[in-house]
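Annotated features, as they stand in Swiss-Prot:
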| type | residues | note |
| --- | --- | --- |
| REGION | 1-28 | region 'Disordered' |
| DOMAIN | 55-317 | domain 'CoA carboxyltransferase N-terminal' |
| ZN_FING | 59-81 | zinc finger |
| BINDING | CYS59, CYS62, CYS78, CYS81 | Zn(2+) binding site |
Amino acid sequence: MANNMTDTMTKFDTNNDSASLQQNGNKAGQSWFERPIPGIKQQLIAQLTAVETEPSTKCSSCHSVITNTALIFNCYVCPHCDHHLPMSARERLNWLLDQVEGELGQEFTAKDPLKFVDSKPYPDRMAEAQDKTKESEALIVLYGKLRNLDIVTCAFDFRFMGGSMGSVVGDRFVQAAEKALADKVPLVCFAASGGARMQEGLLSLMQMARTAAAIERLRIAGIPYVVVLTNPVYGGVTASLAMLGDIHLAEPKAMIGFAGKRVIEQTVRETLEEPFQRAEFLLKHGVVDEVVHRHQMIDTIYRLLAKLCSVPNVDAQ
């Protein structure tokens, strides 16, 4: 009798437990972790959906996927491997300047005097680059305030036909140098270019001489000219404005040279080992003055300009 009663009670308790589980929405074999808690599941789904739908970028070094919001917040430096990803010209300048007072050179537009055609006409290439970057040319020039310093600054946009230097790029750089000369303020240039623009032929090559002459006028007047070498800098830009600064800074692992590694190897018939043409290699051989992490770049530029211009360093006060 006692045994029958115990069996009945056990069965009753088991039935109650089953009913309770069904009431809580659990199925057979479902663990406590899988039990739905009101509100929590919906929040998790919303968060996961937001991450999946937010625009992301894959790091070209470690291949990690980074949301664009996180990338912008970290100055386009990979939070996983510290690789420096490209920045657009306008983002660089807005990032550098505390106050933008104006832009130079917007009146200059590219012409096609050679009627150059490779796989497509030059005007078509220009239109594609303008649509891609939302910029009219490969060089952007702004002037404004870096803390307590007035400066003129320019930056190449490598997305615009490889940051190539044509007549408009030359015009804008010369105008930037003339503005710095007239106002007696420093000029800072962020270089990122594949070199002279082949679609403009000799007109493009002439910009090397024009920009060099403009920099020489700054030197004679004692106006500081600082160059930041980003990845990559090659060709006619390296052979002119990018290597004529008073101070040369470089971002980590930036590729810097005149001809590319493959061209040099084919010419000298030797294999060139890494880190040939990297910023660190050039620092070791005295070509650049300092390799600076992007997070320290603004402070470094300001510190150098404050010293060169003999103005009080507000960071030191």
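Sequential numbering from 1, following the chain as shown.
Any Cβ shown, glycine's included, is placed from N, Cα and C.
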Key: Remote residues contacting the zinc finger (59-81) - C-beta distance under 8 A, at least 6 residues beyond either end   = 51, 87, 91, 95, 293-295
Query = Under a criterion of Cβ-Cβ distance under 8 Å and sequence separation of at least 6, what residues of the same chain contact CYS59 (Zn(2+) binding site)?
reply = VAL65, ILE66, CYS78, HIS80, CYS81, HIS83, LEU85
Task = Pick out which of the binding-site residues CYS62, CYS78, CYS81 has the most other Cβ atoms within 10 Å of its own Cβ.
result = CYS78
Key: Per-residue pLDDT averaged over the domain 'CoA carboxyltransferase N-terminal' (55-317), given as an integer   = 95
